Amino acid sequence: MTAFARFLGEKVERYIDLRHSLGYAFSKQAGTLRAFVRYVERAQFDAPATRTMALDFVLSFGGAANSRATRHGVLRRFYEYLAVYDAQTEALKRRAFPRSRAIPPPRILSEAELASLIDACARISPGIPLRGLTMATLIGLLASSGLRSGEVVRLDRSDVDLTNGVLLVRKTKFRKDRLVPVHATTQTALCRYARERDAAFPSPKDQAFFLSSRGNRLSATGLQCGFAQVRKFAGLDDGKTLRPHDLRHRFAVTRMSLWHQQRANVQALLPVLATYLGHANYSDTAYYLTGSVDLLAMAAERAFLDGGAA
């Protein structure tokens, strides 16, 4: 290994440790950075880290424009860290690889639309009643708790306290477990699902809380496929993007709308919502303030009436 590759490898590992200490999972990014070290070693590059070095590495993967932009973004932020130790490190341009399209804005469902989405679950796989009930319970939980879809499908039976209505969410996006209390109506729905699930699969293949029609853990792909079917049956497949993650946005927007209506101090309550949602930074939660035209209008009215205190 060359001296530069060794130096780079040491800094990459320290940078990964730093990101972990800040609460980030950083697994995919760590893989990209370690691959970059191997690339530098194979090419026998010497210091300093240059723009050309980074561009050639990113282009060596091929793939979609968004993948290249993501890899380059990981390197750009690492280069900023590396420059502290080697001032000759070249700064990478922010938009060297433009993304092919913007991420679609979240779609915030009305109460009627959410109800139609849940009602439509009964129409999928009518010969397998548990599948429809699984989707209905999942969608209700996503909408009422703001959990990420990945967090929901990873729930084990031991993570769901049906007596007290509390979920233990493990392996979150930022590597921290958290307790999530649910509403009494959600608790009742989870209890009903557990009874029906156990009747259908008295000897399940694993300890997952949500099961597929085969009796094993419902996968993220299974959730996406089921959601697409339900969306179509509900008449919401109308050209406007609707993803399971939009239910998380809806939860946050609904909660903040309620706080505005109650004339509560939303900024002071953001840390509470951030903890509940499992955000590492309050700024991530503040993003939801822009998630709804109605919410923006409400916040603007509060700011006007209260002299700027929203």
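Glycine too: its Cβ is placed from the backbone N, Cα and C atoms.
Listed in Swiss-Prot:
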- 6-83: domain 'Core-binding (CB)' (DOMAIN)
- 104-301: domain 'Tyr recombinase' (DOMAIN)
- R148: active site (ACT_SITE)
- K173: active site (ACT_SITE)
- H245: active site (ACT_SITE)
- R248: active site (ACT_SITE)
- H279: active site (ACT_SITE)
- Y288: active site, O-(3'-phospho-DNA)-tyrosine intermediate (ACT_SITE)
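Here the CA atom of R148 (active site) lies 11 Å from the CA atom of H279 (active site).
Highest Cβ count within 10 Å among the active-site residues R148, H279: H279.
Confidence over the domain 'Tyr recombinase' (104-301), given as mean pLDDT on the 0 to 100 scale, stands at 85. Local packing around the active-site residues H245, R248 was summarised as the count of other Cβ atoms within 10 Å of each Cβ; on this measure the leading residue is R248.
Across the range of the domain 'Core-binding (CB)' (6-83), the DSSP-based residue counts are 60 helix, 0 strand, 18 coil. A distance of 7 Å separates the Cα atom of R248 (active site) from that of R148 (active site). Counting only the Cα atoms, the space from R148 (active site) to H245 (active site) is about 7 angstrom.
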